[in-house]
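Q: I have a structure I would like to understand better, so I am pasting it below and will then ask my questions one at a time.
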């Protein structure tokens, strides 16, 4: 069986994003379904999450400026990227785009499917997920399949839909063919 076989039972997933975007909250919501109070991640957290018969080894790497220089050391062997964007913090969109572009332009990440959690959709000031492809430059990617999922880490909404897509992409293959996937067009009904 090829590497893209649907029989694959374990995936290495890298979760990145700026500090305070909600990465660790998402990780522990997936792990225990509990909304935990988290502190800024210094270094990384790694958790194995069994989801629909697939073991996801999720690496949540801190997003502070000083830690971002180390992100590239986690790229090798990554089978999927989860990028978490704080959609309620418009002042940091440019910074998020710059860091996101560094990730996707690294050759070690070539072909990795990209799931973007358009997080904090439960906050009034959050921009809609439909704006995220433009904010991050997703529409210009040529070597990654991508998907934008509106989410609320604290409420756990949108997380399942995003993981379903990521697992499906890994079952299809290396993520480099037919590179664009349309983002979710509507905000989830809970918002």
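Cβ coordinates come from backbone N, Cα and C, glycine included.
Remember, TrEMBL labels are computer predictions, not curated facts.
Pasting the relevant annotations from TrEMBL:
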- 17, 18, 19, 20, 21, 22, 23, 24, 63, 119, 120, 121, 122: GTP binding site (BINDING)
- 24, 41: Mg(2+) binding site (BINDING)
- 172-191: region 'Disordered' (REGION)
Q: Could you say whether, by DSSP, residue 63 (GTP binding site) belongs to a helix, a strand or a coil region?
A: coil
Q: Taking the residues the record says bind GTP (17, 18, 19, 20, 21, 22, 23, 24, 63, 119, 120, 121, 122), how far apart in Å are the two Cα atoms that sit farthest from each other?
A: 22
